[in-house]
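Peer 1: The structure that follows is given in the form of structure tokens.
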Amino acid sequence: MARFIFITGGVVSSLGKGLMAASLAALLQARGYKVRIRKFDPYLNVDPGTMSPYQHGEVYVTDDGAETDLDLGHYERFTGVPGRQSDNITSGRIYQTIIQKERRGDYLGATVQVIPHVTDAIKEFARADTEGLDFVLCEIGGTVGDIESLPFMEAIRQLRNDLGRGNSIFVHLTLVPYIAAAGELKTKPTQHSVRDLTSLGIQPDVLVCRCDRPLPEGERAKIALFCNVPTEAVIPALDASSIYGVPLQYHEEGLDEAVLSAFGIEAKDEPDLTRWTEIMDRLENPEGEVTIGVVGKYVGLLDAYKSLHEALVHGGIANRVKVNIRWIDAELFEQEEGGIAAQLEPMHAILVPGGFGERGSEGKIAAVRFARERKVPYFGICLGMQMACIEGARNTAGIAAASTTEFGPTDEPVVGMITEWMSEDGLQKREAGGDLGGTMRLGAYDARLSGNSHAATIYGATDISERHRHRYEVNVHYRESLERGGLVFSGMSPDGELPEVVERPDHPWFVGVQFHPELKSKPFDPHPLFASFIAAALQQSRLV
């Protein structure tokens, strides 16, 4: 039977519960245990798929097509365990399920209440699909005291009894702030947070204390005394120069040993942290430096591109170079005459990421043109590939009116909804439930690369599988025109209907992909496209 680790947070939000959960899972993995991490999100949205990137950050997509919290990206990057639909639940989905059951009469006329119906649904989710695991780590979103999280707190309190003593523990992450006027760290917020937690019937077994400077032994002992935990179970969590140094830091402070001790497990052998020390060696001792210009729409909140940021870092790790990322608002290129060159000339490579909507699209197209004409390495992801196709259609294929139906009616739909295509016979509609699936293409799909293509060389294979999240596709009926203009369709869906990869053979490095390769990149296994892209940027840096 799997043991459960429930992770809660207190004092303030954004302390790093997700990173702590991912790091702890990585440490347990390094000791030979099989782990899985889950996220409980108390918000009432069914999933984050329709939430604003400015509020929620990126939507992380799993192989099975789940639209999930960005923390699942951390979990997968740190452990290498692919996330699943069963690893993320929201209050919205819980209530949706319960209401559907009530409407069907599944409750046989009973009064449906938070206890037991909501809490039972949460417990059922937590315990599902855990066969063969040693540890299941469950992160509770939000902060202790939030109204939204109360049903989840009650559910995990009940789970401790359901699982039996010794089969679950509680880890609580808090803030120990430094008050400059007093010249000391203050433990009172942590004490109050634990008091709030115990008032809900939950006594933490391990306390992880975020602080910006070392936690003195006296303060550590004070926290242990007032919060009713052993001193060795009070774990300082200092700021780190890189998130990939966090597992090493937590191990040094004894987090994994404290967790095993709370379960009554003796930590016999040291964990194998070789790959984490190697990653940090490459990050701290780079042999070069590149600057990547990311021309996007949501640059006001970098969490909107979290996986992309990390994948670029992974590309740097693969090449042992430091990657500097310049986030550039695509709308700037629509407002400032001649501003493109000033912004992009210092860049060693240009990337246009995914996104939705018309705002900033002409700026992205201008960035594609700059990269194509100046022979600067270009990487287009999802919308970035579509913009590359529209730019190519307009400027190298002679289709001046080329556009996408996403932005409105157009006479030249080079990009269109998955359910509609332009052929020689006119606009063709495909049913949402047909062979091509629904209007949102989600999750992992296979693709086939041309054997002599740049993409196949990068992958070292011709059959690949990548994750998608999009409603629009490049219209395959424009393939011949675009290829005459030098933009080659080097990757297609297995049935040959959906373009997956485009490239320019006459360019040093120009690749567009309809999928999201950043979702599968890991620090110890960088995605080949990002490794190759950063290598091309490094080559470009030596030319300027």
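Residue positions begin at 1 at the first shown residue.
Using N, Cα and C of the backbone, Cβ positions are placed for all residues, glycine too.
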Peer 1: What does Swiss-Prot list, out of LYS34, LYS39, LYS222, as binding the same UTP as SER13, LYS186, THR187, LYS188, PRO189, THR190, GLN191?
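Peer 2: Answer per Swiss-Prot: LYS222.
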Peer 1: Check Swiss-Prot for me: it has TYR54, GLY355, LEU383, GLY384, MET385, GLN386, ARG471 binding L-glutamine, so pick out which one of GLU76, GLU331, GLU334, GLU406 it puts in that same site.
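Peer 2: Swiss-Prot lists TYR54, GLY355, LEU383, GLY384, MET385, GLN386, ARG471 binding L-glutamine, and from GLU76, GLU331, GLU334, GLU406 it also lists GLU406.
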Peer 1: In Swiss-Prot, the residues SER14, LEU15, GLY16, LYS17, GLY18, LEU19 are said to bind ATP. Which of ASP64, ASP69, ASP71, ASP87 is said to bind at that same site?
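Peer 2: Of ASP64, ASP69, ASP71, ASP87, ASP71 joins SER14, LEU15, GLY16, LYS17, GLY18, LEU19 in the ATP site that Swiss-Prot records.
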Peer 1: Across all chains shown, how many C-beta atoms besides its own are within 10 angstroms of the C-beta of ASP71 (Mg(2+) binding site)?
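Peer 2: There are 26 of them.
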Peer 1: For GLY355 (L-glutamine binding site), which of these recorded positions sit within 10 Å, Cα to Cα: ASP71, GLU139, CYS382, GLU518?
Peer 2: CYS382
Peer 1: Spatially, and counting Cα to Cα, which of the recorded positions is closest to MET385 (L-glutamine binding site)? Options: ASP71, GLU139, HIS516.
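Peer 2: It is HIS516, whose Cα lies nearest.
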Peer 1: Quick one: Cα separation, LEU383 (L-glutamine binding site) versus ASP71 (Mg(2+) binding site), in Å?
Peer 2: 23
Peer 1: Which one is it, among the recorded positions TYR54, ASP71, GLU139, CYS382, GLU406, that lies nearest to GLU518 (active site) by Cα separation?
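Peer 2: Given the candidates TYR54, ASP71, GLU139, CYS382, GLU406, the nearest one is CYS382.
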Peer 1: Write down the Cα-Cα distance for CYS382 (active site, nucleophile) and GLU406 (L-glutamine binding site), rounded and given in Å.
Peer 2: 13
